[in-house]
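Got a structure here, written out as structure tokens. Questions coming.
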Amino acid sequence: MKADLVVGIQWGDEGKGKIVDSMASAYDVVVRYQGGHNAGHTIVVDGKKIALHLIPSGILYADCKNVIGNGVVVNPEALLKEMKQFEALEGRLFVSDKAHMILPYHEMLDQAREKLMEERAIGTTGKGIGPAYSDKISRNGIRMGELRDIPKLVEKIMEYQEAHAYLSDIYGVKLLGREEITERMSDYAKRLLPFIVDTTKLLWDAMDRGQRILLEGAQGSMLDIDHGTYPFVTSSTTTASGACSGTGLAPKHIGEVVGIAKAYCTRVGNGPFPTEDFGSEGNLLREKGKEFGTTTGRPRRCGWFDAIAVRHACRLNGCENLALMKLDVLDGFPEVKVCVAYLYEGKEIDYIPYDCEGVTPVYKSFAGWDHSEGIREFDALPKSAKEYVLEIEKITGARVSIISTGPDRKDTIRR
């Protein structure tokens, strides 16, 4: 039995939560494998909105095990707050003992750096994700399993803070005292240790028993640390390859990869965004799509569907199937557009160059349509909406097998 994977193939906020939620009932285990509480899913069930930042979307199903893998960076405070939304989590939620911990000074450092960088700021959420991953890579990180030995953990944090006292001088970061560290870590241990396990072994055992596993990515492929619009990227591997290192599953155990994309494009924070619309159409997309960050509330930058970027991401991830989200948001536009090429240094190209900032989109226009909201059969879509979907398939080389026509679970077309 192989594990299936859901991955965002734009700049994040594609609607992965709804798709994972709709798929999760067919799986025994749902796993989050990278990122932190900077990412956010909003799921609508029977009209009720549920926001998830760390806990996998399978938590809404009583018989599903939910795993926060070793590739995730965990803010204990954020996790505990999120856990309060649910009851009886023991035996349903598991946190990797190898997942790294976000501490208060990571958040303070993240926010201070962004402020000092001004125009060169990445536009991070300020949640401490980057500094926590930096500590992990420099081998100075704190892992969740270290909550098993509080005295040793407190000494380690104190030593780290002493070695990095310059952070207080340069960035104004407030370092914690021994008493506060001990109190916080003891509280985290008391409340979280029942959930902290070797999740790699848990997943291996589940696979040996023939259980179905669904891997849930956070953010999007165009924010990948290696393949995204560097340096305006996140600090983890958001592409399918991150699912292996972030869980302990081997590449041969990865099955179907489903790419998630909106029917238009959005981006939060700074960085290249070739199809961004600065005028009334971009504003209307934002208004109709309610494009404001789940985590920060910041307005998202909006623009037309970039088929070149999506095809690039499909190839990075090995996506043969796409889920196209929020098609209904395009209802009522007199004309809709798809970017089918870029102009770069006087030439038309069909790939993403090194300097993505320097491209101009080449669009193909389609007549608009009036009503797709709530439609659940492909043949029932307006003619121009079907043509739009088929053009996306043609350029990206991936089949659009799922189309979302509204926020509820039921507002979904499967082909």
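Glycine residues also receive a Cβ, built from the backbone N, Cα and C atoms like all the rest.
Keep in mind it's a predicted model, so treat the numbers as computed, not measured.
Dumping what Swiss-Prot says about this protein:
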ACT_SITE  Asp13  active site, proton acceptor
ACT_SITE  His41  active site, proton donor
BINDING   12-18, 40-42, Arg300, 326-328, 404-406  GTP binding site
BINDING   Asp13, Gly40  Mg(2+) binding site
BINDING   Asp13, Glu14, Gly15, Lys16, Asn38, Ala39, Gly40, His41, Thr125, Arg139, Gln219, Thr234, Arg298  IMP binding site
BINDING   Thr294, Thr295, Thr296, Gly297, Arg298, Pro299, Arg300  substrate binding site
Using C-alpha atoms only, work out the spacing between Gly40 (Mg(2+) binding site) and Gly12 (GTP binding site) and round it to an integer in Å.
9
Could you check which of these binding-site residues, Gly12, Thr296, Pro299, Leu327, sit within 10 Å of Asn38 (IMP binding site), going Cα to Cα?
Thr296
Between Asn38, Thr125, Gln219, Thr296, Thr405, which of the binding-site residues has its C-beta surrounded by the fewest other C-beta atoms within 10 Å?
Thr296
A 10 Å Cβ contact count, applied to the binding-site residues Gly15, Gly40: which residue has the minimum?
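Gly40, out of the binding-site residues Gly15, Gly40, has the fewest neighbouring Cβ atoms within 10 Å.
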If you count other C-beta atoms within 10 angstroms, which of the binding-site residues Gly297, Pro299 is the most crowded?
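Buried the deepest by this measure is Pro299.
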If you measure from the CA of Lys18 (GTP binding site) out to 10 Å, which recorded positions from the list His41, Thr125, Gln219, Arg298, Arg300 are inside that radius?
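If one measures from the Cα of Lys18 (GTP binding site), the recorded positions that come within 10 Å are His41.
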Among Arg298, Arg300, all listed as binding-site residues, which has the most CB atoms within 10 Å of its CB?
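Max Cβ neighbours within 10 Å, all protein chains included: Arg300.
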With H, G and I counted as helix, E and B as strand and the rest as coil, say where DSSP puts Thr296 (substrate binding site).
coil
Judged by the number of other CB atoms within 10 angstroms, which among Gly12, Asp13, Lys18, Thr42, Leu327 is the least packed of the recorded positions?
Thr42
Restricting to the recorded positions His41, Thr125, Gln219, Gly297, Arg298, Thr405, which ones have a CA within 10 Å of the CA of the residue listed as 'active site, proton acceptor'?
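Passing the 10 Å Cα cut: His41, Gln219.
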Taking each of Gly12, Thr296, Leu327 in turn, which of these binding-site residues have a Cα lying within 10 angstroms of the Cα of Thr125 (IMP binding site)?
Thr296
